[in-house]
Amino acid sequence: MREKAKYLLTKFAQKVSPATLAIILIILTSSSLLFVWPIHGLADNGNFYRAIAGNGIYRLPTSYSQYSDYVVPKFGLLQYFNENKVQLFSSQNLFIQLAILLNKIFYSHTIFDIRFLGFVYYVFYLGGIYLFTNSLTAPTRKFKNYLMAIFIVFAFGDSAFTLYFNSFFAEPGMLILMLYLCAAIISLARNIYVHHWPMITLFFIASILLVTMGSQNAILAISLAIMGLGIMFLPNFKTRRLAAGFGIVLILLSGIGIYKTASSEVFAANDYQTFTHGILDENSDPTKKIEKNGIDGQFALMRNEPYYPKDYTALNPNSEDVKKNLIKKSNLSWVIKYYATHLKQMGDLLNVAAKDLTAIQPESVGNYPIDSGHEAKEQVTYFTFYSTFFSALFPSRYTFNCLIAVGLIAAFSVGFYKDFRAKRYQGILRLFLIIGLMTIVVIAPIFAILIDGDADLSRRLFMIPISLNIALLIFINDVFNHTLWNTEVGDGVVSE
């Protein structure tokens, strides 16, 4: 019996690689969820506006609210001049425009089906899953490699991630690009391919596209630049180090550029919500504290108020009084000074962020269309084991996140030291990747609170669970292959 099982496993391994297995399992678990009616996705929480208006898409009239409760599967396509044409660059528009093109070719010139956007994301996502799995498992096809493929499916095939595809949120592109750029670095570190330049090019292109997804991603430029530093240690690379250095500079400039291109309205909304959802939160006596820091105490009435209120609000965010006496005064430097003298409050907010980072699937919006028979804001529970497990067991303390970061960096530092002494590059590339991932884990919550308070934190911290998953998968894979501290084992060229 054991011999027969071994024979069947050998035959299976000859036909199906671990990366191919990952793709097959992803398709089996998620394709019907996204594309078979009734489709599933994420309802609009108010953040779709810029993506749809800037790309010539508009809402069709309905008898129900198109916000939060239900997924809206179809939209209209403008036939004439678009007065809301995109005024700033976002790489998300590349995905949306490709989806519109496919929609016009295969469906309609006037009605846009959200599944075309989901399909565009899905195709690139499958490519990212394949490349990422291959980077960790090639060239061998042992049982442990197939086990890694299954781990990857559970981690990144979870419905909490794939539901984003049928929406106008930028998160699907962020997940996809992160898979590609990390796969590129791991492939270089494990010497998977004969030629290095395709993976190097992929890393820099994916990094720049990720940073330019939106102004909230500007901070990622620092982490991605750190990852790119490892490329400078590749062998026989002296003549191309200048090009790699130029790529790192481009990543940093793209971060500065995307932040600067944000409209004044975006900055005003961020400053406002930093105050109402940050300064006034976790604050036992906000009136006295803000007056002490030069802000009128009346603005304490605005605790937890959004910039775009749906109902009655104590003070209109767009009023001249609010603009002059609150938004202009509570800029980033004011916020930093405030938190520097209120460290306990900052710590409490960071713990709130640590709790929210595990909520990959937004709880404030529904996942079903209105004619599906499901209740408003009802959520999908199918194939959400990993995200549920992650949310239930992961400690909601910011200090724990920092300890994980320190622990992982320390674990990979041994391999770095050995490879640096032996003049090998594998452990060096890997450590710079881990440091880049861990800076996201540590810095992103601070940046999110300084820029927008605790408003919509789960989405603003979306990159943290991705970074943790990737780092932990790399760690597990290295333990499986005994390469955590000895990168000579298991490396080898498998493809041209």
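Glycine is treated like the rest: Cβ placed from N, Cα and C.
Remember, TrEMBL labels are computer predictions, not curated facts.
Feature annotation from TrEMBL assigns transmembrane segment to 21-40 (among others).
Taken from TrEMBL, the feature transmembrane segment covers 114-133 (among others).
Among the features that TrEMBL reports, transmembrane segment is placed at 145-166 (among others). If you look at the transmembrane segment (145-166), the same-chain residues 6 or more away from its ends with a CB under 8 A from one of its CBs are 13, 18-19, 21-22, 25-26, 29-30, 33-34, 39-42, 71, 73, 114-115, 117-118, 121-122, 125, 129, 132-133, 136-137, 172, 175, 179, 360-361, 367, 380, 382-387, 469, 473, 476-477, 480.
According to TrEMBL, the feature transmembrane segment maps to 172-189 (among others).
Packing against the transmembrane segment (196-212) from elsewhere in the chain are residues 89-91, 94, 173-174, 177-178, 180-181, 184-185, 187-188, 218, 220-221, 224, 227-228, 231, 234, 237, 240, 244, 247, 250-251, 254-255, 257-258: each is 6 or more residues past its ends and has a CB under 8 Å from a CB in it. The feature transmembrane segment is assigned by TrEMBL to 196-212 (among others).
Annotation source TrEMBL lists transmembrane segment at 218-235 (among others).
Residues 89-90, 200, 203-204, 207-208, 211-212, 214-215, 217-222, 224-225, 228-229, 231-232 of the same chain lie 6 or more positions beyond the ends of the transmembrane segment (242-259) yet place their CB under 8 Å from a CB of it. The feature transmembrane segment is assigned by TrEMBL to 242-259 (among others).
Sequence-remote contacts of a segment are chain residues at least 6 beyond its ends whose Cβ falls under 8 Å from one of its Cβ atoms, and for the transmembrane segment (398-417) they are 347, 350-351, 353-354, 357, 426-428, 430-431, 434-435, 438-439, 441-442, 445, 464, 468, 471, 475, 478, 483-487. If you look up TrEMBL, you'll see 398-417 (among others) marked as transmembrane segment.
Look at TrEMBL and you will find 429-451 (among others) tagged as transmembrane segment.
TrEMBL lists 457-476 (among others) with the feature transmembrane segment. Outside the transmembrane segment (457-476) by six or more residues, the chain places 47, 136, 148, 151-152, 155-156, 169, 171, 174-175, 178, 182, 186, 216, 220, 352-353, 356-360, 362-363, 390, 401, 404, 408, 411-412, 430, 433-434, 437-438, 440-441, 444-445, 448, 484 with a CB less than 8 A from a CB of the stretch.
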(message) At a threshold of under 8 Å on Cβ distances, which of 114-133, 172-189, 429-451 pairs most often with the transmembrane segment (21-40)?
(response) 114-133
(request) Using a Cβ-Cβ cut-off of under 8 Å, list the residues of the same chain that are 6+ residues beyond the ends of the transmembrane segment (114-133) and lie near it. (result) 18-20, 22-23, 26-27, 30-31, 34-35, 39, 41, 71-75, 95-96, 98-100, 102-103, 106-107, 148-149, 152-153, 156-157, 162, 164-168, 172-173, 175-177, 179-180, 182-184, 186-187
(message) Do any residues, 6 or more residues outside the transmembrane segment (218-235), come within under 8 Å Cβ-to-Cβ of it, and if so which ones?
(response) 181, 185, 188-189, 196, 200, 203-204, 207, 210-211, 241, 244-245, 247-248, 251-252, 254-256, 258-259, 425, 428-433, 435-437, 439-440, 443-444, 447, 463
